[in-house]
């Protein structure tokens, strides 16, 4: 693909130049080619976007629930009509295989938007009787202007996960995509405008997170920030949001999630689940189950089943429909993953497979890392303690149920967890003891629109998806009505 035209900001229903004068480049990680130069939003651009959003939000909130619902449903239709072209752009920007982006990224994002479009009329208040002459009623009102700050691994899906409940509740959103993968969020803004969203209700500000993101979290005109990213960055976003104007926050942060295989499990099923929990999207999924616990007596058999499945991984041309494994999202991220792999070797973990970059035709110019499995891992190892966010699986063994529960919970993270077992009683008994916000039994990775997702401990605050997320983008107003004569004590 030839280099795209310089990408601008999207404010008040159209493209506009950044006042900062700064730009950055977005790179195709499959081959190292520059896709586009992108303008970076500065402080003045954030101010412009907030003013635009404030104007648009008043118009949007004044519409009826059904009017808002119809507009969002039109956006869903456009997303589905343009699925393939959006998926191609997402593949170029992220490096993910087209077989994945064309069936997951836009599809699941559109599902979430459709879900919230249908929920808009359900936003209701309540009536509370106090006595014969008095009652209270409540209203759920929008927060106003909110900000979304996205991660680089699911660019358009995250933009939809954040904007769908925010817009459904009557808010306007200013969205800052990751500077690593900024392109499809701009296309989403075009689609929202085409569907009939009032100007200013969805503005997109590409830029560097440490600058543009901080301008958003500092801005007094923004009522809430929804952030997806790493724990360290999330803590800064939360601190800035509180210090500036006591903003509400939703934090979807990192994880080092356990996948526990029990001795009664079907090892073929367990191996299939472990592969999806580690190598889907080249391991760049926040919920990945990278700590795979297997009974000591099953270790050798499980290792062989994993190795057999690694042989089925097909890396290569990301637009080949048979390819199911792409490069990492960027060269700096590739280098960071390789540092973790080197650390694993240094600390004594045994490389079962992989452990290096992929070499050969089609790989040398891209950010490719081989699917890597470490075995003989120990809980104190760096690769077991820290989030790598790449195609790196760590195998650990255990002897008893109590032991594996304790070790699974021995982490600052608490995003996800899963177990594989044929025992229904054990499944529920164990899953109820795992300290994680998203749990799976005999499966892994699905996050449907109806399912609230989010983390325990350092893995986040608040939830995305589900009914409760729609409510989190509203504020409750309570009104007391007195029909009898008011009695003053003065």
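Any Cβ shown, glycine's included, is placed from N, Cα and C.
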Which one of 77, 93, 111, 218 goes with 26, 27, 180 at the K(+) 1 site, as Swiss-Prot has it?
93
150, 151, 152, 176, 177, 178, 179, 230, 231, 232, 233, 254, 286 bind NAD(+) per Swiss-Prot; candidate in 44, 387, 399 listed for that same site:
387
How many other Cβ atoms sit within 10 Å of the Cβ of residue 460 (K(+) 2 binding site)?
27
For the recorded positions 179, 248, 252, 464, which one has the sparsest Cβ surroundings, going by other Cβ atoms within 10 Å?
248
Please report how many Å separate the Cα atom of residue 248 (site 'Seems to be a necessary countercharge to the potassium cations') from that of residue 150 (NAD(+) binding site), as a whole number.
17
May I ask which residues of the same chain, at least 6 positions away in sequence, place their Cβ under 8 angstroms from the Cβ of residue 286 (active site, nucleophile)?
151, 153, 228, 252, 253, 254, 255, 389, 415
Close in space but at least six residues away in sequence, with Cβ under 8 Å from that of residue 457 (K(+) 2 binding site), the same-chain residues are 411, 412, 413, 414, 435
Could you tell me which three-state DSSP class residue 457 (K(+) 2 binding site) falls into?
helix
Cβ neighbour count within 10 Å, max among the binding-site residues 152, 246, goes to 152
Nearest of the binding-site residues to residue 27 (K(+) 1 binding site) by CA-CA distance, picking from 150, 231, 233?
150
